[in-house]
Amino acid sequence: MWEDIKSFASTFFVTGDPLIYGADVAIVLTTLAIVFVLTKYKKWGWLWREWLTTVDHKKIGIMYLICSLLMLFRGGVDALLMRLQLALPNVEFLHSEHYNAIFTTHGTIMILFMAMPMMFALFNIVVPLQIGARDVAYPFLNALSFWLFFFGAMLFNLSFVIGGSAESGWLAYPPLSEKMFSPGVGQDFYIWGIQISGIGSLATGINFLVTILKMRAPGMSLMKMPLFSWSVLSSCITIIYAFPILTVTLALLFIDRYLGAHIFTMDGGGNPMMYVNLIWMWGHPEVYIVVLPAFGIFSEIVATFSKKQIFGYKSMVFAMIIISVLSFFTWAHHFFTMGAGADVNSFFAISTMAIAIPTGVKVFNWLFTMFRGRIQLKQPMLWTIAFIPCFVIGGATGVMLAVAPADYQYHNSYFLIAHFHQVLIGGVVFGYLAGIYYWWPKMFGFKLDERLGKWGFWLWNIGFYVCFMPQYALGFMGMTRRLYTYGWDLGWAPLNLVSTVGAFMMGLGFVFQVWQIAYSIKHGERDTTGDPWNGRTLEWSIPSPAPVYNFAVIPQVKEADDWWATKQARANGTANEAPAKLEPIHMPKNSGIPFIMSFFWFIAGFGFVWGWTWWIVIGLAGVGISMLVRSFQYDTDYYIPVDEVRRTEASLGRAV
Amino acid sequence: MGARKWLGRVQFWIMAVLASVLLSGCGSEYMVLNPKGPVAETQYNLIIISVILVSIVILPVLAITFYIVWRYRDKPGNKAPYQPEWAHNTTLEVIWWGIPVVIIAILGYFTVRDTYALVEPPNKEVKPITVQVTSLDWKWMFTYPEQNIATVNYVHIPVGVPVQFELTAEAPMNSFWVPQLAGQIYTMPGMAMGLWLQADEPGEYFGTGANFTGKGFAHMQFKVIAEPQEEFDKWVQQVKNTAPGMTRQDYENLVKPGLSDRLTYSSFPPGLFEEIVKKYGHAHGNHPGGMNHYKNNLKNNDDQHDEGHQGGGQQDAGQHGSHGGNDAQASHQHDMSGTNH
C-alpha cells in the first residue's frame, strides 16, 4: 500500500529538481497565506459576492489584468532562466529536458496566458465605456469566458509541479508532440489548458463583436467610433475565424494521443505537415489578434497626448480591416523551408510583404498626428513613442523574413527570435503597458507614479535593445533557436552574454513597475475629475472609477471625439445640453455559475490529462448540469432605482 | 583540456570587448554573411537588397520620428505651429500608401525571381552529385547512392560540383542547414525533400539541425568538408577500402535515440533511403506541397539505383557481419543520459 502511494506520488508530482522543490514550497506558503488572510479578515463572502460571481465588465477586466501580470511574471522568470543557461557556453544550470520545458512554457504563457488576457483586460475595461454602453452584450458569457481562461491557465500552470510540463515547443509540432516522442502528461496539460481557455477566448470574440455592433450609444455611427473600439472589432473578427481552427487542431492532436489515432503521427499514414499548416492558420492571425488592439491603444494615446485629432481616421480603419483579412493569407511563411515549391512560396512571400503596407500607413498617420500637435511626454505617451522605432525596425526585419529564399537563411535562427520578440514586445507589450498606464486612473481612480514609472520605462527600453539586437547577429552566426547549450568554438559567447544582461535589465524594469504600483496605491495622484489626461472619448466623461452602471444617462453622440467636442463647446459657451432625465437602470445579476461551470471543466480536463474516467464523467456532468441550471434561471436581471443612481452620482461629485 | 578551456576564456574576454562594437565588422563568424557557394550567394544578395529597400523607408521614418517628437513637444514658448483640427490630407495619404507599395513591388520582384531560380541546379554545366540525408534522433546520416558509401555527422562534397541533397527523416522533423553554402530545408518522415548546394572553395563548413527535435537536439551539428574532386575521389576510395559496411542492424542502432560520433561506412543496405521514405509515406500516394521534388527524386533514385546497386550489392555481401572497424562501433552510440547533468 505504502509502496503504491510512493510510486503514484513519484509520477504524479515532479521530483528531483531543487528549483521545483523551491517552487512547491513557495506555492504552498502563498496559498496558506491567502487562506489565512481571507479567513482572518472574514473576506470569503466579499470575495464570492464581489469578484467570483461578478458579471461587471470592469471587475472582470481587473481580474484579467491581475492574472496577466502574474503570468507575465512567470513567463519572464522562465525567460531569465533560459538567458542564464545561455549566458555562457556549456553552462550546467539546466539540463536539456528542463530547458525544453521552460522554453515551451515561456512561449505558451506569453502568448496565450499573458498577451491574450492582458488584451481582454483592456477590452473589458475600455470598450463599454468608450462606446457609451452599460455592460457588454452578454455579461454572463463574459464572466464565463474569464473563468474558462482562469481554469485553463491553472491547468496549464499546474503541470509545472504535477506531472511535468510539455517539452515540444509552444506550438507542439507533431510527431514530436505525439505519444511516441512525448509520452508524458505535460503535452496533455498543454492541450487541455489551451482548449479550456480557448473556448473562453472565442466567446469573448463573439461577445465584443456583438457589443460593438449593437450597443453603441445613439448617434455613434461606426465611422464616429473611437479607433480603439475599431481595433477591438477587427481583432474580434479575426478571433472568430481563427480560434475554431486552434480548437479543432488541438482536438485532433488529443485524439491521436488519447485514442491512438494517426492523424498527425509519423507512422500509420499520419501527416504532421497538416498540423503545421493548421496550427499556423490560427497562429499567424493570432499575432494580429494581439497586435491590432495595441494599434488601437496607440491611436487613442497619440491623439490625446498630442492634443490633436487622429490623422487619417479613415485610412486607419481601412488599414486595420485589411490587416485582419490579410492575416489569414500569410500562414505558410512560417515554413517556407518545408518545400512547398516556388509557386506557393512566391504567393505567401508577397502576401506577407503586403501586410507591411497598411502597417506602414498606420505609422505615418501616428507621426502626422503628432505633427503640429503638442506632445506631452506622460507615461502612456512615452511607451507609444518608444514603440514607433522599435516596431518599425521589427517590421523591417519582418519584411526581410518574408523574402522567401532569404528566409531559408533566417528560419529557426536567432534572427527570427529577435524579430518576433521585437514586434511582440515592441508592439504588443509596449502597447498594452501604454494602455494600462493610460486607463489605470479610470480603473482605480489614481495615476501611477511618474518617477518610478520612468525607471521602469528606461530599463525596459534599453534592456530590450541590449537583449535582442545581439540576437539578430547571432542568427547570422548560425545560432538556431531552442538550443539548451552551445560550445566555445563558434564565437557565440560574447553576444549571448550581452543578451542575458539585457534580459535582466528588462526584469529589473518589471520590478520597478511592481514597486510603482505598490507605491502608487498609497501615494499616487488621485483622479477626482474622471478626466486626468484631458481625454477625447466617452470613457473620460464619467467618474473614475466608473460607477457600476457606467453612465447615469446614456450620452447622445454627435462627433468622432465626442467628449473633446463637448468640452470645447462648454468652454466656448455654445454647449446646448438639455437637463438629464434619470430613469431606472437595467442591469444583469451576479451569478456563481460561470465559476462553478469552469471549475467542472477543470475537473474534466484534469481527468483527460491523466486518463481518469471518473474525473471526466464528473467534470462533464458538472458542466452539463451547470448549463441546465442556467437555462432555467429566469431571474437574471434587476433595476437600479433612480434614487440610488442619484445618490451614487452625488457621492462621486456629480449633480444629476 | 584545461589549457583549451583557459584559451577559450581568454578568447572569450577579447571577444566580449569586440562585441561592444556590435556588428561593426562582419567577421568570419557571421556565416550567413560570408557565403561560399552560389546558392548561399544568391540568398546573401537578397538579404542585402532587402536591407537596402527597407532602409529607404525606415531610416527617414526614424529621423522624422525624432524630429517631430522634438519639434512639437509641449513646452512653454514652443513656437512650432499647432493645428489641433488638421486631420486629413489626401495627397500625403496617397504618398504613404504609395511608397510601401512601390518598395514591396520591387522587393517582390527579386523575391519571386530568386524563389524560382533556386529550384534549379546552381550550375548546369557540371554533372551534379547526389547525397541523401536522413535525420535521426539525434544524428545526421548521409548516404551516397552513386558512391555507395555512408557517413554519420559529417559529409564530404567535391568543390565546384552542384550537390543535390535529398532529405528525409526517421524521427521528428528537423531542418538541414549549412549557412555558408545554402539556406535550410526541412527533413520530414515519409517525404523526400530536395536541396541544391554547391561549395566554391574548399573548407570545413558548419552544419546544424535547425528544427527542434527533443532532448539531444542541441548536439545535432555536423561538418561539411568540401575538397577538390581528386581528393574527394581519393576519400571515397579510402572509405571503400578501410571502413566497414553498414548492416541493417547498424542502421537500426542508429535509429535508436542517442548521440553519435562521426561514423563511416563503406556500403549501406541497398535502397535504404527509399525504404525510409516509403516506410512513412502515404498509401494514397504523393503528398500535396513539397512534392514537386518527390516524383523527380524517386525517378532519379531508381535510375541511380541501377548504378549504385551492383557495387553496393557486392560489397554488402562481402562485408556482412564484419563491421568491427575503427569508427563504426555500436559503443560510439551514447546514451543521452550521459550528456545530461
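The chain as shown is numbered from 1 upward.
Just so it is clear, glycine is given a Cβ too, placed from its N, Cα and C backbone atoms.
When the ranges A:267-284, A:537-554, A:591-608 are checked against TrEMBL, the one recorded as transmembrane segment is A:591-608. Residues 119, 123, 126-127, 130-131, 172, 174, 177-178, 188, 191-192, 194-195, 198-199, 201-202, 204-206, 208-209, 212-213, 261, 263-264, 275, 278-279, 281-282, 285-286, 288-290, 292-297, 299-300, 310, 313, 316-317, 320-321, 323-324, 327-328, 537, 608 of the same chain sit 6 or more residues outside the transmembrane segment (A:227-255) yet have a Cβ under 8 Å from a Cβ within it. Residues 223, 227, 230-231, 234-235, 237-238, 241-242, 276-277, 280-281, 283-285, 287-288, 292, 295-296, 344-345, 347-349, 351-352, 354-355, 357-359, 361-362, 401-402, 404, 407-408, 411 of the same chain sit 6 or more residues outside the transmembrane segment (A:317-336) yet have a Cβ under 8 Å from a Cβ within it. Cβ atoms under 8 Å from those of the transmembrane segment (A:380-404) belong to residues 294, 298, 301-302, 304-305, 333, 336, 345-346, 348-349, 352-353, 356, 359-360, 363, 366-367, 410, 415-416, 418-419, 422-423, 425-427, 430-431, 433-435, 437-438, 454, 457, 461, 464, 472, 533 of the same chain, restricted to positions at least 6 beyond its ends. In this model, the domain 'Cytochrome oxidase subunit I profile' (A:40-558) carries an average pLDDT of 95.
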